[in-house]
Each structure stands twice: as structure tokens, then as C-alpha cells.
């Protein structure tokens, strides 16, 4: 399931994150690459243990926890600390698939990467190129969202970032281990949750049918979740 999540960051919070990371020192983007990705990746990245990345990443994690659409779609168990990348002057990231297991160096923190997320931090009209292109069974999808908006997609997807030919593309990226490993099951739960909320808005949360459907949702989650 691929889903756009608008307004994860906005206003002063977005401005603060953008200021934190743009004023920091950037390094070669292969700092977090696996072998396959290192051959494909041409961009810059913030050192993951730097003060700017830690502070900005913490702000993003807090924002995710306050974003109901993200919680409903991802059913997150663990979130990898957000990283930050910068593309400009023809920089790109050729087709690759993300590593199945992500580890934070120097710690025992590791996750299974069920979902990948890209949070756009600058306006799309400030740069040319830089589209995130994701391939799935339904075809090829080009993504270039507004500042503060995020795209969530299965980490098993082949994807690439097209060359940035004008300006700079600034994003945060990270991975999520979901409580529900299977993408199809996770999609079923999301669709059911969305339908329940839509009907409840008309009939009320105390409607007997809404209560029964909510029970079905939680029983399916109980069957499929790993927590």
C-alpha cells in the first residue's frame, strides 16, 4: 500500500527542522548504504549521530505520533531514527530496494523494514527533477509532494530518485517496522478502520453496528499483530 500523508510538519515546526538541517554539515550519502545502494547512490546526507539530525529527527518522531493517518496506515511498532538527504547538481539515486533489516550503528537497535517513508522538506517548485519513482504490481508511480507532506510505501518496492537538475531537494527518510508484517493484511485493516470512521461520523460511535465492526477490527489486529 502506498499512501500520501499530508501535513506531518507545518508552520514554525517545518521551518525549524529545515533551518536545523540546512545549517548543518553534510557528508557523502553512502554513509548508510548497503552494497547495492552504494553503487546507485549519488547524494549528500546528514551524519546520523550529529546534533542536527538527532534534534530534527526527534521533532519528526513527535509529529508522527500526533498524525492519526500515519498510525492507522503504518500500525508502527518501531521507527528508525529519521535520516536526512540532499540532492542537487544532477545528484540522483538509481533503482534499488531497501535492506530488509536496518541497524543503528553502535547500538543494538534494529528493525525489520516493512515500510519506507520520505518526508519532503522543501517546496516542489524550488527544484526540478528529484521525483521519487516507486514500482509496484500496479505500475510505476512518480511522487513529488509539498513541504511537510510524506509518502509511505512498502520497503520491498523497487524505487529510485531522478536527477535534480535545478535547485536542491531536501528530505527526511526512514523505515518502519509495523505490528502487522503482511502488506495485504495491513491494507485490509486500514480500509476497515477508514470505513468505520466514515460511518461513525454519520451514525455515532455508540451505534451498535459501529461497536461490532470495531470489535472485528481489533480481533483481526489481535490475530495478525506482532507486538
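Cβ coordinates come from backbone N, Cα and C, glycine included.
Here the structure is a predicted model, which means the values were calculated and not measured.
DSSP assigns residue 96 (Fe cation binding site) to a strand in the three-state reduction. Around the Cβ of residue 96 (Fe cation binding site), 18 further Cβ atoms fall within 10 Å across all displayed protein chains. Marked as Fe cation binding site by Swiss-Prot: 96, 98, 159.
Every protein chain considered, the tally of other Cβ atoms within 10 Å of the Cβ of residue 169 (2-oxoglutarate binding site) stands at 26. The 2-oxoglutarate binding site annotation in Swiss-Prot covers 169.
Note on the domain 'Fe2OG dioxygenase' (78-178): mean pLDDT across this stretch is 97. Look at Swiss-Prot and you will find 78-178 tagged as domain 'Fe2OG dioxygenase'.
When the Cα of residue 169 (2-oxoglutarate binding site) is compared against those of the binding-site residues 96, 98, 159, the shortest separation belongs to 159.
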